[in-house]
């Protein structure tokens, strides 16, 4: 069924101009806010509103972690304006979402400027998605596609992803729905029409890699083909394959203008609200990503969301310069800030020094920020604490080699990787201005491997030199710097020999340290001041050393040699008070890890006197456990076992593993779209592109493994890659994905003022352990079943076992497993433990389908019924059976096998019945049989495969007696002849004599013939009714809402509708009022309004009916027009196409019941159908209903009111009413629903309508009405009554789109309906040459409700006004005279848009 979304797509056209040429008037305005930044949607579908009005998203789109929602939660969200995403699209764990077709119907391009790993589109662990549905997507400019672990996703392998991505891109598609239980691609699209009127053919996948035997059809779903552009315009054509302007367009265009691009290939510009494509930006505009902006727009650009956490970057950092909108000035330019804060880049005369603020280089990333800097307006500190990085000196040379001046000091401390300061190749002078470290401009301390200083002379402006504890640095290198700067002193010159270039031992005094507080990644260490020195100025500071120590056996010199990269980490403390205790916060620790630490002093004492503590140990607080690994579900005999590996990082003491299991029932509607009778042997689609991730860049494998890796693909499509490698890549990608998805909330801080970090932020007062309790702890069985919908359990082991009886056979289950830890314990009463991390890790999902149950698909043998239905013209057998009660998944077809057993060498014949067809017929008809003895067997097929054929049943078809047959034929002909003569004579007499005397109304049913109402069991005491507010005016009087407190002796409080008769009503009108109630007593079905009781004793007379809370269907439809003014915000949404189909089949079911009861409604219209609180539509208002129990029609007299706009031609011409005329009215009701209750035959007077319908005219198709719905209307409007379908046939046609609840309550599935269906003759429907009503319009006023009925006979058939702006337009038919002037078509509203 085509989604309603396709009728409401609004594509924003983009015109094409060349260079800086500006062509006005080519396209319409772009909505305000058409360009959006990155969008992150998580936790609720309501946040999707952030995409409203977005045409381009400059950044990424995240849709993540939306739990506990269903598909209807996404129905009201659609973003047809969005055509382009510049970075990537990521969907992760979004429940309820079945397709992206409604969300992004026009998304054409994903540019991939930034990627998730190597991928520009990731769809991962969406439990309910059934199709991708990005029907307009044509280009993924950079990066690949990763679609993984989506258990219900079909059509992932029917897309040629290579046609979208650049050559060499790796796409990864794995662990989705099996292709053999998915619908197949159609031969042609049902949604796209070519200019010549034919449907678009689905293309075949190109043959790549020589695999000519494997052919695939390319499509997005069962209705939409993938669009593959011709070679001359790759990725730039319309949906019908017409080439666009390939030089300017990307992703399609809007015909007939091939230059009206959906997305611009190069650049776009929006002058005066009209977008245009350009090859380069016009003057006075600046390039920003893929668009041109004005100077003011560039200044107004906000920094990307990915840089929000950088407080040093202004909120609006962009600068217009040289035709580009940049965040930084280019090389040889300097940033100028005017007094009015206007920022611009100025080219320097000659060499332009790039100035940068002082910085602390502690890793390569921080060094990268100084790339190109020449003058440091401040001090430069280098402290590389990392232990690795073989290219670190090359990186420093790349980023710091341009520095020529340092205004402050240069400090190089504890930089293990450095052998030389030669990476500062252009450094000329260190000015030493401002604050200094120990009054020194060059401060070099504790560099274990430093051997050289500068490879050229560097001038020291002010301050002194300070070198301390550089064991590999010779003092002559230090004195060489002093020699070049003779006026500069060395602060500790007398100690140079003892602590530089030598590992001289020092006199050590023990320091007392204590642990004050620990968190998962932090610890606070405290110690008393060192007071052993005679001169306090000789104490330069402290150094704290710490290292991971799992076994508490470390020594002072572990990892301290120059060659080892794994050793003590250290921090220096230069800010201390001699009179107070010193406190140090250790950061970047690992959770639940034991560390060793000690504290050492830095002194200037000539004796080498210093202080040092003992090595002590502490364990950090627990953290959040990482995810469990390698989940595996298996079944052994009658037990189901779940196994997994522990997390790589438990980050605490294991408390338990929580296991939550949820049944993911097979309710995939797409399953029924495939014809398993025709496509029975279709195998899984083998993607022609590799669906595995690329192998690591470097790997070691054995010779056998390498041979296996290089093997050609097997017949099953396996690429022969090493499973271990693929598994490692999956784990790596999942870790990357979690880093994108699960992020900590940043600490709140003032971005305008930098301040020292407070320990309260690292160690909050609230130390209560948090638990991410998202797992549903329910254990709940499926209603009336022995197996479970939800199972929750916990264990300390890495496996858990359940009885297989807990699970339904061959059903899909989602296993969610996570690890949980115990709360942390403080190591001592004096130590504060801060345990604020989540106690449970993230869940890992694993999908598993339980084994099939043997015998579950077998047909119950006692249910098979065989009935010979042979006659004189043909021999046939009716076979009926009941389906298996609990099959292995959904049933897709049945096969009936029959064979002659009285002859040898006669093979079996198979008849295949689709499951949807079986729901209508409940069996099969075997035709064209020869006389003989037959064996018959029935077999069911589910998604698990074929069941066992039933035991053979035998039936004998006897030969015909030729003489007996002849006599029967002769007798039949004689009887037919006599009946015909009598029939003609009777009607000749009737029309010649009786019609002159009296007009007869056949009333054959004795229940209907009486006039006097008789009290019966339906009588209700008046005091058992509570009357409430008015609901509206009925046919006989006011209708009230009420409550029925007692019904047939049983207490109840049932809401009801109370129909009254006017006080001025005559006795005849009261009898007619009660007569309607008498008619209702005979009805008992779900889709006809139910009578509850009658109050006939006393006045006023009351009829108690079932309450229909939403009123009549006509009013309901008009209330749901898009611009209906009801004072609500927002306005009610129009009913969807699926809802309209549901209403249509409910009305047809009610009418089928009336037809089976031999009732003709005569006034079927939207105003006479009622809408219940649960949106069920039922037949109501039987004021004109008549019982024709034994006759086939009812002839209306010449007086009264007739609803001419709903009446069939035979009713208008001859006054004949039958079930076929009700079918004609039913077609008009469908037209009303398609137009939200517009008036039929808009623009014609009632007299014109009467002549128009009698002459064969019908209404034109409503705007945006699907073919199947309008075809049904046309069949209902056949001029010949016998050519119209019956209501039972209508239900059969609409049944595949009906809700499951309909099957449970419908009359259609009752035994009476089945008998009625078997009794109907097959009728060939011929679309007669009728004249459709052509759309025009006029400007009359809205008619009143009484205009729906027209006085006929003695009353005048008066003119009727046209409907309001929602109406269908005036006719232009040659059958109607004096139509009046034609006018432009106004905006009709249809729910089918």
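Cβ atoms here come from the backbone N, Cα and C positions, even for glycine.
Marked as active site, proton acceptor by Swiss-Prot: 1163. Swiss-Prot lists 1031, 1032, 1033, 1034, 1035, 1036, 1037, 1038, 1039, 1059 with the feature ATP binding site. Taken from Swiss-Prot, the feature compositional bias 'Basic and acidic residues' applies to 768-779. For 507-623, the entry in Swiss-Prot reads domain 'Fibronectin type-III 1'. The domain 'Fibronectin type-III 2' annotation in Swiss-Prot covers 624-729. The domain 'Protein kinase' annotation in Swiss-Prot covers 1025-1302 and rests on sequence analysis. Positions annotated as phosphotyrosine by Swiss-Prot, on the basis of similarity to another entry: 1189, 1193, 1194. The signal peptide annotation in Swiss-Prot covers 1-19 and is backed by sequence analysis.
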Notebook entry, point to check: Fewest other CB within 10 angstroms, which one of the recorded positions 1033, 1037, 1039, 1163?
Noted result: 1033
Margin query: Helix, strand or coil for residue 1031 (ATP binding site)? Use DSSP.
Written below: strand
Checklist line | DSSP-derived class (H/G/I helix, E/B strand, else coil) of residue 1039 (ATP binding site) | finding: strand
Item checked: Other C-beta atoms that fall within 10 angstroms of the C-beta of residue 1031 (ATP binding site) -> 18
Notebook entry, point to check: Could you count the residues of the domain 'Fibronectin type-III 1' (507-623) that DSSP puts in helix, in strand and in coil?
Noted result: 3 helix, 53 strand, 61 coil
Notebook entry, point to check: residue 1039 (ATP binding site) to residue 1163 (active site, proton acceptor): how many Å between their Cα atoms?
Noted result: 20
Checklist line | Between residue 1031 (ATP binding site) and the residue listed as 'active site, proton acceptor': CA-CA distance (Å) | finding: 22
Notebook entry, point to check: What average pLDDT does the predicted model assign to the domain 'Fibronectin type-III 1' (507-623)?
Noted result: 81
